[in-house]
Amino acid sequence: MTFAKGILAALALAAAVGQASATELEHWPAPAARQLNALIEANANKGAYAVFDMDNTSYRYDLEESLLPYLEMKGVLTRDRLDPSLKLIPFKDQAGHKESLFSYYYRLCEIDDMVCYPWVAQVFSGFTLRELKGYVDELMAYGKPIPATYYDGDKLATLDVEPPRVFSGQRELYNKLMENGIEVYVISAAHEELVRMVAADPRYGYNAKPENVIGVTTLLKNRKTGELTTARKQIAEGKYDPKANLDLEVTPYLWTPATWMAGKQAAILTYIDRWKRPILVAGDTPDSDGYMLFNGTAENGVHLWVNRKAKYMEQINGMIKQHSAAQAKAGLPVTADRNWVIVTPEQIQ
């Protein structure tokens, strides 16, 4: 009897400790938290998974768009060290002013997002992962805006670029999902290695598995042997070791699928599952995240939207109507207008 009581006491203590350590969605509006908690309860420990965008979805602001001017400010990323293959158009130098790489990136975006999206991942070529990790950690700790210049037409303009700020709410959600046996994946339009430096580093609290971080991939080169590889290749071959990759150099040569627009949905099919769809997809950009939000989310899953711009909210509402009508016309279950959780950055900061 004493032994049985001891066992029961131990089990009760273990349960209490488990409850005490369980993550709660404290940085969420109450209705959103209830909907997310219900989703987690319904899918706990059943082999389900969730997919998150990173920039402006999992943290506030953009990693590459702030790392670029930060490294320019430090003088370590310059036009002179830019890979020749990335000099796509002439630089727009004016009397007394040499165009910044940040400005150059903006002008590439004016041509087409399909030009600047890969470029802003490729621009970090020539550095080792170890070097970039040091700079990413510096940026995350910087805590103040980074001055940058760009052209508004032919007029030189200035702006302050904010470094990423962790969304407390998303950090909670990542961990609560994983605590309940729901795998968390990141699919980002930023360079996979850069995003991994935040999402998989325990200091930032997301605790994503390194191999579950998926993004724009460029070949990595061993400077001593010339051998080429990528994390995605290593993961597929079952021999991925993030620490062993730290001294590999980032090259500008792109790997596919490219993880923006339809490529995000392609990444789910390529790297996660051909048939099982995520129970939650989170994003903030209609064009880049729209495919995985509408085509990727499971029938009873949640579309999680971070409403950071009024024009994007208007655009996503238009897409909801358009895709709902298209589903109905095709005789498919209408899911595009169901199960949306919409929050602002301020609500989950």
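Every residue number used here counts from 1 along the chain in the order it is shown.
Every residue gets a Cβ built from N, Cα and C, even glycine.
What you are looking at is a predicted structure, and each value in this text was computed from that prediction instead of being measured.
Here is what Swiss-Prot says about this protein:
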SIGNAL    1-22  signal peptide
BINDING   ASP53, ASP55, ASP284  Mg(2+) binding site
ACT_SITE  ASP53  active site, nucleophile
ACT_SITE  ASP55  active site, proton donor
DISULFID  CYS109-CYS116  disulfide bond
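The two recorded residues, ASP284 (Mg(2+) binding site) and CYS109 (disulfide bond), have Cα atoms 18 Å apart.
Using a 10 Å radius centred on the Cβ of ASP53 (Mg(2+) binding site) and all shown protein chains, the other Cβ atoms total 26. With a 10 A radius on its CB, CYS109 (disulfide bond) counts 15 other CB atoms from all the protein chains. For the Mg(2+) site, the Cβ centre of ASP53, ASP55, ASP284 serves as reference, and the other residues of the chain with Cβ at most 8 Å from it are MET54, ASN56, THR57, SER58, SER188, ALA189, ALA282, GLY283, THR285, SER288, ASP289, VAL306.
ASP55 (Mg(2+) binding site) is 16 Å away from CYS116 (disulfide bond) when you measure Cα to Cα. On a Cα basis, CYS109 (disulfide bond) lies 20 Å away from ASP53 (Mg(2+) binding site).
Neighbours of ASP284 (Mg(2+) binding site), defined as other CB atoms within 10 A of its CB across all chains, total 23. In this view, CYS116 (disulfide bond) is surrounded by 19 other Cβ atoms within 10 Å of its Cβ, with every protein chain counted. For ASP55 (Mg(2+) binding site), the Cβ neighbour count at a 10 Å cut-off comes to 22, with all displayed protein chains included. DSSP gives ASP284 (Mg(2+) binding site) a coil state; it is part of no helix or strand. Between the CA atoms of ASP55 (Mg(2+) binding site) and CYS109 (disulfide bond) there is a gap of 17 Å, rounded to the nearest whole number.
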